[in-house]
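Features of the protein shown, as given by Swiss-Prot:
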DOMAIN    23-327  domain 'PPM-type phosphatase'
BINDING   Asp57, Gly58  Mn(2+) 1 binding site
BINDING   Asp57, Asp271, Asp318  Mn(2+) 2 binding site
REGION    131-157  region 'Disordered'
COMPBIAS  135-150  compositional bias 'Basic and acidic residues'
REGION    330-362  region 'Disordered'
COMPBIAS  353-362  compositional bias 'Acidic residues'
Amino acid sequence: MGVYLSTPKTEKYSGEGGNDRLRYGLASMQGWRTTMEDAHTALPRLDECTSFFGVYDGHGGKAVSKFCAKHLHLQVLKNEAYSSGDLATSVLKSFFRMDEMMKGQRGWRELAELGDKGQKFTGMLEGIIWSPKPGESDKPEDTWTEEGPHSHFPGPTSGSTACVAIIRNDELIVANAGDSRCVLSRKGRAYDLSKDHKPDLDAEKERILNAGGFIVAGRVNGSLNLARAIGDMELKQNEFLPAERQIVTAEPELNTVKLSEDDEFIVLACDGIWDCMSSQEVVDFVHKEMNTEDSLSAVCEKLLDHCLAPVSGGDGCDNMTVIIVKFKKPSKSAATSSTNQSVSSEEMRPNELDDGPSDPNK
């Protein structure tokens, strides 16, 4: 369900870049929706040997998705676990940190600036890529808390999915909360590296009910069709439960994959793509287009056009964002050069089973 334009906005925000180990392309499009609530981050050089890519699909407004695109990767860098090499813990804590940072006066002010109350963005400019200035990632951030009339702001009622991929040498870590998705192509076969967090999944349903929530027509408390998300603070108000056990939680599911020469690329995309095509269909589409098109951003644009519905209503009418990250032949050297920076691992099973992440190692 949603409010649609009389004609779709088909202008696209596109970009591409890379480093010694990979190259990427991305594109986003507002489509039939009246607003653009997707955001994304693409950083081939988060540090000298690490790349970071993320897609964020907002609901109830664009502020939370843009907040994540601006801040989540910086929190990964700042977390003490990151400096010790524990990428999984650093990204896990950074998801929860987003909820904390959006509270209080500073959170209210940032959300107001990024959302509808702040500067207006239209068309393709609403698809945000956060590009830190040289050295910005290394600067200690000022104390986040500040005093003001909104010091007791409990956080936003709007929210966002978050699906990020962190690549360090031959290790790929995917962290996901919500129904955006990351898919790996290995020898032409699609492997889901994330799981869509819908309320009717047994583990999600159990947590929702235990926290005092309910599910109606596949929606948490009759409103949200996601079981995990950043933001949505009205569904995280049980003071007797930790953050990971709230009705809706920002806790990401983590997946770690050791990359090999058989791995060709990953696709990160919001559900505007996955509602129209299966994981394997997207992988097949990308392979076919790459046979004749070298520009990955052009491939992304073609994928958006392929998914766009001819008329409003049904699949193909959502905002659409996609990032393709293509791996170069593995080498021992770290990813030291880059261009165009733009802004508990469970067992996996084959993609076609549709009951969880799939295992590229089987």
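Using the three backbone atoms N, Cα and C, a Cβ is placed for every residue, glycine included.
Put simply, Asp271 (Mn(2+) 2 binding site) is 11 Å from Gly58 (Mn(2+) 1 binding site) when counted between their Cα atoms.
Other residues of the same chain near the Mn(2+) 2 site, with their Cβ within 8 Å of the Cβ centroid of Asp57, Asp271, Asp318, are Asp38, Thr161, Asp179, Ser180, Cys270, Gly272, Ile273, Trp274, Asp275, Asn319, Met320.
A straight line from the CA of Asp318 (Mn(2+) 2 binding site) to the CA of Asp57 (Mn(2+) 1 binding site) spans 10 Å.
In the structure shown, across all protein chains, Asp57 is the one of the binding-site residues Asp57, Asp271 with the greatest number of other Cβ atoms within 10 Å. According to DSSP, Asp271 (Mn(2+) 2 binding site) is assigned to a helical segment.
Using a 10 Å radius centred on the Cβ of Gly58 (Mn(2+) 1 binding site) and all shown protein chains, the other Cβ atoms total 28.
Counting only the Cα atoms, the space from Asp271 (Mn(2+) 2 binding site) to Asp57 (Mn(2+) 1 binding site) is about 8 angstrom.
In the structure as shown, the Cβ atom of Asp318 (Mn(2+) 2 binding site) sits within 10 Å of 26 other Cβ atoms.
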